[in-house]
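Q: Starting off with a structure, shown below.
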Amino acid sequence: MMRDQEDIENEGVGVMVMEDGKDLERNISSESGFREPLLKSKSRVNNTSQIAIIGANVCPIESLDYDIVENDLFKQDWRSRKKVQIYQYIFLKWTLVLLIGLSTGFVGFFLNIAVENIAGFKLLLASDLMLEDKYFRAFVTFAGCNLGLATCAAILCAFIAPAAAGSGIPEVKAYLNGVDAHSILAPSTLFVKIIGSILGVSAGFVVGKEGPMVHTGACIANLLGQGGSRKYHLTWKWLRYFKNDRDRRDLITCGAAAGVAAAFRAPVGGVLFALEEVASWWRSALLWRTFFTTAIVAMVLRSCIQFCRSGNCGLFGQGGLIMFDVNSGSPNYNTVDVLAVLTIGVLGGLLGSLYNYLVDKVLRTYSIINERGPAFKVMLVMTISILTSLCSYGLPWFASCTPCPVGLEEKCPTVGRSGNYKNFQCPAGHYNDLASLFMNTNDDAIRNLFSAENSGEFHLSTLFVFFAGVYCLGVITYGIAIPSGLFIPVILAGASYGRLVGSVLGSVSNLNNGLFALLGAASFLGGTMRMTVSLCVILLELTNNLLMLPLVMLVLLVSKTVADSFNKGVYDQIVKMKGLPYLEAHAEPYMRQLAAGDVCSGPLVTFSGVEKVGNIVHALKFTRHNGFPVVDLPPFSDAPEFCGLVLRSHLVVLLKGKTFTKLSVLSGSNILKRFHAFDFAKPGSGKGLKFEDLSFSPEEMEMYVDLHPITNTSPYTVVETMSLAKAAILFRELGLRHLCVVPKTTKRNPIVGILTRHDFMPEHIKGLYPHLVHHK
C-alpha cells in the first residue's frame, strides 16, 4: 500500500504550537516546575497509510466520530429543546427508516426486472439462432451482447464512480467501523452501482447482484440521512437533526440490512447479516428499526411480485426475485447422510479457504493493472468478458446429449430463456445438461441445481466441469471494475459439488440431490464468508424449508471451523488488502504487553483556552490534525489544566464568525449568542466550509478568541498506564476518533497524547516495537 507523507489523523507526545509561522515548543514544565513527559524525547511520528482502495480507486481516508461533542453550545441547545422538537426528531427518524425500506425494495425489484429482461432477451436471441443451426452467428451475438454490456458497466465504473466497483460490502463494513472515504456512499456511486449491477449481471459474468444491493441500500440511507442540501434547496429545518455521524451510522446500518432483504427476500436474514457481518456497534433500538426496515422491503417485494404475475413485467418470471423452493425434498436422514454432510462441510471449508487465498492474489494483481488508469480497467473487463463468453458457450459443446425424461410437466427441451432442459445443439427430444447451467441466468442455474424433480438430470462430469468453471471464473471476475457480488458465484460452486456428492451417494442416502446442493452451497458460503447465524437464516428463508435447519447449522459450523484454520473470511481479507484501518472486536495478544502511552505519536499541538488567532491559523495551515487538546493556563487556572478537545471543523466555523477580542479575556457569552449548535454540525457529502476559504488581516491575526464554548469538556480519557488492549477495545466499542491519554501523576503536563485509529494499527506498533511477537 502506498504511503502518504502527510499524517491526516495522528497526534502524539511532543507539545507544540504554531506561532508566527514557526514551530514553537511550549514548555509548560518551565512555568510550573512539572517534569517533562516520559515519552517527550522520542518524537514518534505515525507513518501508517492514510489512503486506501475504495472500489477500484485509491483515495484518502478519514475517521468518523460517533462520540457526542458535549461543549457549551451543545448543552445550551439540549436545554432549549422543547418536547415537540424531540417528537419531531423521533418521527422523522422513523420516517427516514420507512423511506429507506421503500426505496431499497423498489430499487431491488427494478434491478431484478432489468436483469431478467436484458439477460432473457440476449439468451432468447442466441437460442433462436441455434434452433436455426446458425451456431457461429449465435456465438457472435451472445459474446457481442456480453461484451457490449460489460464495456458499458466498466466505463461507468472507471470514469464516473470507481467506488462502485466490487461488492461494496467491505467498504460499508469499514464505514460502520468508523472509516470514511471520498465517494464511498455518494449519489454518483449509488447511480453507477445500480446501473452497473444491471449491466454486469446481464453480461453473463459469474457475479451476483446481492453484494452490490448491500452497498446500494447503504447509499440510499446515506442520501436520505444527509440532513438537507443547500445545493438542491432541501434545507428543511427538521433535517438538520441528522447532521452527525451517529444518526447516519444507524440509518446506513438499516440500509445495509434492507439491501440483503431486497436481494434474497430474507428480512430476518438481513437483520442478522447487519448484526453479524457489517455493524461494529449495536443496540436494541437499532435492532427494532432495522427489523422494521426489512419488513417494509419484504412487503414491497411481495406487492411487486403480485403485480408481475399478471404478465406486466416482460420476461420477468420466477427467476428474478430468487426463491428456491426445495420443499419437495424429504428432510429424513440417516447416519450415512450425517457423515456425508460432515464431508461436505470439510470440503466447503477447504475449498472456501483456497477460494479466499486465490481471490486475494487476484485482487492484488488487478490493483497493479487498475493503477494504470481507467482505460486499463475497461480493457481488463473486456478481456474477462470474452473469456467468460468462451467458457459459457464453448464448454457445453463437450457435453453429450441426454434423452428427455418421460412424464415431465414442463417442455423438454425448453424452448426459450429459462428452464431445466436446454436444447443447445442436441436433436429433438434431447437436452444438453451443461448448457442448462451455463446458458442461463445465474438465478435459474441455481434453481436447476436445487431441483429435486429428476435426480439424474445432470451427469457427474457435467457437475464437475460446471463447478471447476464457476470456481475459476468467480475468482478471476471479482476485482474487475464492475459492481460484483460474491454470494451467487459461491452458491453456484457450492451447489455444484453438493449435488455431485448427492449423485455419488445415490440410493444410499435418504436426501435427494437438491437438498445436497443446498448443503453444498451452505458449506461453501461458510468456508468463504465465515458467517453462521445470518447465512443459516438467509438460506432457510431463500429455500422456504425450515426442516433443513439442523443440517444447515451443522454444515456451516464445520465449514467455518475448518476454514478458520487457514485464513480469514473473504470480506475481512479484502478490508485488509484495501488498506482500510479496520479495528477488530478483540485486541491482539501483543497489545497486552504495552500501555496506552507507549504508542502515542507526535508532535501534539495544543491550544490555550483563550488563544491567539494567528496561532490557530498557523496550526490549521501547517498540520492536518482533526483534534486539538485545549489546556487552560494561568491566569485562567491556578495551574496547567486539561480543559478538553476542540475539533478542526469547529475551529474553522468559529474563525469564520470572527468573534475576536483584542485582549486575552473570556468572551464565551458572545459566542453563545452569535452561534447555534447546528452551525457546527457536520456537513453531508457535499462541500462544507474549508480552512482555505478563510482570510484574515494582520490585525485579526494578533487578536484572541475564546475556545471554551466549542471545546468538548468531557472527552474520553485513559491514563497512560492503561493496557493498550483495553484502550483498543474501548476505542472501538465507543466509536471514537480521538482518545486522550493523561498522565498518572499530577506533576506532569496535563495531557500526554492522543490515540487515534492509526495508533492501534499493527504496522505502527510493529514499527515502534519490532521485537514483539505478532500472533496470527
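Just so you know, glycine gets a Cβ as well, placed from its N, Cα and C.
Unlike curated entries, TrEMBL annotations are predicted automatically.
Relevant sequence annotations retrieved from TrEMBL are reproduced here:
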type     : residues : note
DOMAIN   : 710-771  : domain 'CBS'
TRANSMEM : 89-115   : transmembrane segment
TRANSMEM : 135-161  : transmembrane segment
TRANSMEM : 251-275  : transmembrane segment
TRANSMEM : 338-358  : transmembrane segment
TRANSMEM : 378-399  : transmembrane segment
TRANSMEM : 458-480  : transmembrane segment
TRANSMEM : 546-563  : transmembrane segment
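Tell me about the surroundings of these features in the structure.
A: Within the chain carrying the transmembrane segment (378-399), a Cβ under 8 angstroms from the stretch's Cβ atoms is held by residues 138-139, 142-143, 146-147, 150-151, 153-155, 158, 203-206, 366, 369-370, 422, 424-425, 432-435, 438-439, 459, 461-462, 465, 469, 473, 476-477, 480-482, all 6 or more beyond its ends.
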Q: Can you break down the domain 'CBS' (710-771) into helix, strand and coil residue counts using DSSP?
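A: Secondary-structure breakdown of the domain 'CBS' (710-771): 22 helix, 12 strand, 28 coil.
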Q: If I count Cβ-Cβ pairs under 8 A between the transmembrane segment (546-563) and each of 89-115, 251-275, 338-358, which range comes out on top?
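A: Against the transmembrane segment (546-563), the leading stretch is 338-358.
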Q: Tell me whether the transmembrane segment (251-275) sits in contact with the transmembrane segment (338-358), defined here as at least 3 Cβ pairs under 8 Å among residues 6 or more apart in sequence.
A: no
Q: Would you mind listing the long-range same-chain contacts of the transmembrane segment (89-115), meaning Cβ under 8 Å and 6+ residues beyond its ends?
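A: Result: 194, 197-198, 201-202, 209, 213, 216-217, 220-221, 224-225, 238-239, 241-242, 247, 250-251, 254-255, 258-259, 261-263, 289, 292-301, 304, 308, 313-314, 316, 320-321, 441.
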